Structures are given as structure tokens and as C-alpha cells.
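Listed features, source Swiss-Prot:
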- 1: N-acetylmethionine (MOD_RES)
- 114-146: domain 'LisH' (DOMAIN)
- 153-210: domain 'CTLH' (DOMAIN)
- 336-377: zinc finger (ZN_FING)
């Protein structure tokens, strides 16, 4: 983090100089244009277009040329100073960041199978972002064959999202109505919130839309049980149509943030319906890598400095715990209290009859004959009674 602050400080200096240089350049050139324009007008008025210049005017023109030359040289000198500031940013980046991160990479990630998976993840990310042309180009260059059925849902979702961003609700409403049963099954309130926003957009039209708003309120009927209070608030706002909702106690209904919220809700519920995560795997992996990389580089340097390279053998475990934040928590992790090892698919957590949990490897090492004594309580039990648990 300190490295980022250092580079950012240098960058702010450059941006400040750019701003000052731009203002200085603009002011200097405007003064020159006004000066030369006034001089030209004075010469034409005094001597005409074809008359010879007097000695005084020749001297004035010489001074004008010198002023122009001095201004240009001053601007060029200031521009060179900016170049040196820009180069300092590059030096700060080189000094504070490690340009070679291959030491913490895994060679296996560049094998054919891993490369194919990476390309698939990138294609899916571009589909999610609506960058269909880029995704198709990547498929052609990498030799991937993508079923059109994989692309179609993303095309539709991006079309609806683009409409929501410009406050057009009709495509999203049509999608929500057509998927109503599945949305209800996952306890989604998307359809109601879309109807609510449409009703609010009618309220913004004032008394002109009063009859249409009352007619549209019939769409709230299926949601009366779960959203009774919200519907009551919406109907109460009709009383203030004449004076304007913005001048009423219901002004909170016009909050612009709810349009950003509806985009997030639609993305979340639509992805859940398609069995997808809200964020693309590529963006999640990239964010996690940005957090973990500095810590991994530091621990790698310490390991090499202390000549204990065997501590990190580049397998599926790290020599230290890297905290990625709660945003990257997807499943619970169990560490066996006996062997002090994290459980895996091959060594899963096992629940004993007494309720205590240990790893399968610990279970196999602890039982004697047909009996197993729990390491935390005096209960004896059969190893076969232990059950695998899933978090």
C-alpha cells in the first residue's frame, strides 16, 4: 500500500504540472495572438498594405518576433520539465514495484489444458460485459468452439441492462414476467421493484398521468402479501400529485440511487437464474491476485534471503495465510486441530459420534483396533461411526 501511495504522490505532481502548463500555454498564446493582431491592425491603418515600413515600425516588428521566440522557448523549456517529472513517475514505479513476478507463478498454468480453461474464462467474461465481437475474435484465435446457446443468455441480459441504465424498464419487465415462477422460487423481489419504479416514473408526470398510474397500480395485486407497506406508500403518494411528489413527504421515492440498485438486483437475480456467479470468475481471480501478489512477492524474497526455499514447494498450499477480505469468502475451511492441517477432498473433515470434528487422516492414525477414543472427551466409539461433513 505504501508503494501505491508513493507512486500516486509522484503522479499527482505530474498532473498538477500538466494543469499549470496548460493554463500558462493558453494564456501566453492568447496574449501573443492579441499582440500580433493589434500590431497588424495598427500597421494597416497607418501605412496601408503596400507602403514601406518606417524604421520605427521595423524595430517594433523585430521586438514582436523576439517576443514570439522568447514565448516559444519558455513553453518548450517548461515542456521539458514536465518530461523529467513523467520520467520520475516511471522510476518510482520501477523502484516500488517488482517487474518480474514469475518467481511466484506456477509453471503448470501455461500448459495446454490450463491455457484452454483460461481462454474459456476470458470468453465468458467478455460475454458478460457485452463485448461479443472481442469474445468471438478470441475464440477464433485460440481455437475455442463456443455453443451459441452459451452466448444467447448474455446477449439478452446485456440488452436489458443497457436499457435499465437509460431508465427504460419495459425489456426488464417483460423478462421478469416471463421468468416469474423461477424468480418466486428463489424468493426474488425483482418484478415488484420493476413495477414500483415504473409506477414512480408515472408519478413524475404529475396529474397528467394520474389515471394511467391508478390503472397501472393493478400490477401490484400479486405482491400485496409480501409488499403491503411499500404498496401503501406508493398509493399514498397519489394524494400529492397536484403539488408534485418532489414537494411532498414522498420525495424519497425519486431517489436516483434506486436505478443503480435495480441494475444490481437484476444482475444478481438473472445470474442466479442461469446458475452463474454475480461477478465473472476472471474479475474475481484478478482482484484476488492484486491483493495476494504483494504478500507473495514479499514472502518469496524472505524465503530466498534466509535460504529456506524448501518451505514453499509451489504446490496447492502457501507458506502463509493471505487475507483476501470477506468479499472473496465463498466456502468455509476446516483445519484439523490434531494434525494442524487444512482438510482437502482427499482428507475431508469427519464428525465423531460425540460431535467433535477431526480430519480423516487423524481418524486413521488414532484408532486402535476397533475402538477410537475422542481426543477431546472420554467417549469411546467405533471409527466406522464417524461421518464426513460438508461445509
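Every residue gets a Cβ built from N, Cα and C, even glycine.
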What parts of the chain pack near the domain 'LisH' (114-146), using Cβ distances under 8 Å and only residues at least 6 beyond its ends?
108, 154-155, 158, 161-162, 280-283, 285
For the domain 'CTLH' (153-210), what is the mean per-residue pLDDT, to the nearest integer?
90
